[in-house]
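Below is one structure; the comments refer to it alone.
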């Protein structure tokens, strides 16, 4: 009877579905009304010829901006069409001896930006997953080849021999040692024996004081890999590191399932492996299930997340919607993926498959090609003595830079190299091949990472993501071109929304400058208050923002979250979306090479203090600060000039919307204004940047006025 019980349940969020579809319908009608108004007005202007050419150009640019925003909005509706949520029943899984093996992939590249202590904690927490130790294998890729990281792994292994038995004995859920000892309280455990054991573990954390022998307990396999890198040859960043681990693990353990983690993303709930298996072992969905994606949660997020570092929209809204279609995109970390999905080519790999053809795809290693046969069981090497010189030599060959030459690694199979957002692109191609994915968000965060909590680092990270997405958007793999014949149209729309979303910088730049220039000259671009179409624009503004607020509140956040996300959307639009789009286009046409600088995970106490207090830290590159300041100053000056004109003419009806746009931008971007005029600490924008921004705003305003007057 128990065997017939489901391992998981999938239910539609009916209340969200009704709200979403009603919102989509009404908002669509309003958008059609806006397009009708703009088109008819433009035709009338063209027919009568009573407007200057600069005005017509500005009007067309505003209309084009509204069309771009409408297109992105339309793509976004696919996320809202059928949101679902899932429940799992790990207690119904088969016995431990029948569970499939799991390989854990962890990648690090720079011990100065990714501290070794963080890496150690992630590795140890992965080894402490609630899963049979003989079926768990942890692999660390060190792209830096750092002796510091290698030494840290030795210490992590030695400490894990004490830590894992302690966690198993007392059911410790927070299996990252640093996180565990930094939080007061130990759940329901309070015995004297436990307290004594805990104190001993604290002593063992200091290697110089450690004279105790570990308990004899079975340990997961831990493998350190430092892949070869040469400046003259591309190493394909994180995707290249993951593929090295894919090959080396295929030789050593060949587990059918893989957990991928960033080096700072430690396991916060040991149950995640069994939760994932509730999907991978479900006979109804497992044949075409590529991966189970868990949310990204962060231990250093404040209640007042001023930089939107938690990426709330993705993990509390959009991924539920994608899960109701073919499943969420691959997010680069916190996912359990099948080896079969990564190594599947155009045909199934069987015993009679042509070996020569497989070598062209997967390289010359006969041992690795053997591991591709689904009938070959995991190798599971547990004893160091069994690591023969031949096996180590073969592993080094698989990790070498030359191994992938003249093969299809990164192209037809494995993690893909086409873009620096290898996670997005790999997931997209898997869905195009007919694979599905699942999004599961349990009550206890299964993984906790370190989010970017300073403005400069966050914008640099988003610039890199934007460049990668634009590379895909303008290529033959564009989701709206490549996807429709290979996946449901709603799934194509979801992927397209992410790929084309950065192009939102175009309408934001236009709508932050053009209405303001016309406002300063008293020239209307929008219907006056007495015009019936005035209510169309009012409705669109209220509808979109109230929906945004509703989504934030339903996820347990506040209206303050809506304000922060609006602010960061504006800041990203004029900075990282703009620069990232330029980078992506230049990389595509060969004007520059792709680059990948790991996000700095080292904690800066001063920046962290500012972030937690809700104060912006403007110690960021000038290329990010100056555009923001310029637009804010331009809007302030334009609003003041427009207000004077309104008072003088007593005619506010024609330019009310333009004045409101400037007012809204100013209110949302108040921290920038504060940084320019009021702050005296680290949150103050440098005087040089403020002066340059003022000059640029003045130049834009002057030139715009001259053009309109002409």
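Heads up, the Cβ atoms here are built off N, Cα and C, so glycines get one too.
When TrEMBL is compared with the stretches 475-497, 498-520, 521-543, the one noted as transmembrane segment is 498-520. The feature transmembrane segment, as given by TrEMBL for the ranges 55-75, 76-96, sits at 55-75.
The transmembrane segment (689-709) shares more Cβ pairs under 8 Å with 622-643 than with any other stretch in the list 22-43, 55-75, 498-520, 622-643, 655-677. Ranked by Cβ pairs under 8 Å to the transmembrane segment (55-75), the stretches 498-520, 622-643, 655-677 are led by 498-520. Listed by sequence, the residues of this chain that lie at least six past the ends of the transmembrane segment (655-677) yet keep a Cβ under 8 A from its Cβ atoms are 306, 511-512, 515-516, 518-519, 522-529, 534, 537, 563, 566-567, 570-571, 615-616, 618, 628-629, 631-633, 635-636, 638-639, 642-643, 645-646, 683-685, 690, 693. Remote same-chain partners of the transmembrane segment (622-643), defined as residues 6 or more beyond its termini with a Cβ less than 8 Å from a stretch Cβ, comprise 455-456, 459, 512-513, 516-517, 519-520, 522, 571, 574-576, 578-579, 655, 658-659, 662-663, 665-666, 669, 672-673, 676, 685-686, 688-690, 692-694, 696-698, 700-701.
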